[in-house]
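**Q** TrEMBL lists these features:
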BINDING   K19, K20, T21, M22, R23, R159, L160, G161, R162, G163, G164, G165, Y166, Y167  ATP binding site
BINDING   I65, E72  substrate binding site
Amino acid sequence: MQAPVTTVAAEHSAVLEAKKTMRAQIKKQLKAMSSDDMRQQSSQIAQQVIASSFFRQARSVALYITCERLREVDTMALLQAALQQGKQCFVPLVEDSQSNMALLHIDTLDDLQPAPPFGILEPSKQQRYGSDRQNALQVAGGLDLLLMPGLGFDREGGRLGRGGGYYDKMVHALDARAQQHGWQPPWLVALAFSQQLVQQVPTSHHDRDVDVLAMPTGLLRCSSRAKQHL
Ligand SMILES: Nc1nc2c(c(=O)[nH]1)N(C=O)[C@@H](CNc1ccc(C(=O)N[C@@H](CCC(=O)O)C(=O)O)cc1)CN2
Ligand SMILES: Nc1ncnc2c1ncn2[C@@H]1O[C@H](COP(=O)(O)OP(=O)(O)OP(=O)(O)O)[C@@H](O)[C@H]1O
């Protein structure tokens, strides 16, 4: 039987409220971290990822470019390793405030420039010679690996983002394309400081769990696919 609309709406607003509260709590924890702690954990996380089978085997990788203000796990060492190993690299370009983001191909760090309002480095839409950059939804065979940011995570792979819905929407599109062609969906790997691991994050129906949580102490295999194949 379908739940009455009012119950669904009440449940929805309870989840939104719980997300808001948890975002505020985790932001406080992140603010309390020293730069040394952040640097050290970021370097340990990068080492774990670089040594992993999902990174070594990936021909195409999408990853966010760390923003100091957002106090995220630093991805620079991962981007450099991926470029050096000849992997195809894709990074986010926010298109609008309706959860639309593109993951665009870059060849070098010089392809990035700071974008308002947070100064996050983003690729230009076009390459130097005017041609459009390839987008992760066009990779032949599908994207292999998506390294994701977020605020809070749990051992089951639950992920609490910043509320923009950008990654939810992108993952949905990547999964749909993989399914349409009978390809493996990309490995979803979230990068997390130890301060970001919580008992359980509140989730809505559109939130997709990640496969792996990369933490300074090791890789947590969350999904059954990760437990079986990694
Ligand atoms: N490094 C990085 N790049 C990314 C994301 C991200 O989370 N991290 N995004 C992921 O979606 C997209 C950008 N979307 C964003 C959506 C919301 C907020 C946001 O609300 N930020 C702050 C406000 C910080 C401030 O004012 O200093 C917040 O969390 O309160 C930031 C980015 C694409 N690129
Ligand atoms: N697949 C989707 N298509 C369109 N809108 C979506 C999709 N997934 C989520 N959204 C919208 O995005 C908004 C924010 O969702 P939510 O709070 O779960 O974001 P988040 O997971 O914290 O953000 P992000 O995915 O960018 O890290 C919601 O209003 C939701 O309706």
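From the backbone N, Cα and C atoms, a Cβ is placed for every residue, glycine too.
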**Q** Restricting the comparison to the binding-site residues K19, R23, R162, G164, Y166, which residue's C-alpha is spatially nearest the C-alpha of E72 (substrate binding site)?
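**A** Minimum Cα distance from E72 (substrate binding site) across K19, R23, R162, G164, Y166 lands on R162.
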**Q** Quick one: of the binding-site residues K19, T21, R162, G164, Y166, flag those whose CB is under 6 Å from ligand 1, and say none if nothing qualifies.
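**A** So the answer is R162, G164, Y166.
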**Q** From R23, I65, G164, Y166, which binding-site residues have a C-beta atom under 6 Å away from some atom of ligand 2?
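**A** Near the molecule: G164, Y166.
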**Q** Based on Cα distances to I65 (substrate binding site), point out the closest of the binding-site residues T21, L160, R162.
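**A** Smallest Cα separation from I65 (substrate binding site) among T21, L160, R162: R162.
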**Q** Between the binding-site residues K19, R23, R162, where is the Cβ count within 10 Å the lowest?
**A** R162
**Q** So if I draw a 10 Å sphere around the Cβ of I65 (substrate binding site), how many other Cβ atoms end up inside it?
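**A** Here the count is 21.
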**Q** At a 10 Å cut-off from the C-beta of G164 (ATP binding site), count the other C-beta atoms across all protein chains.
**A** 14
**Q** Of the residues named as ATP binders, K19, K20, T21, M22, R23, R159, L160, G161, R162, G163, G164, G165, Y166, Y167, how far apart in Å are the Cα atoms of the most distant pair?
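**A** Greatest Cα-Cα span of the listed binding residues: 20 Å.
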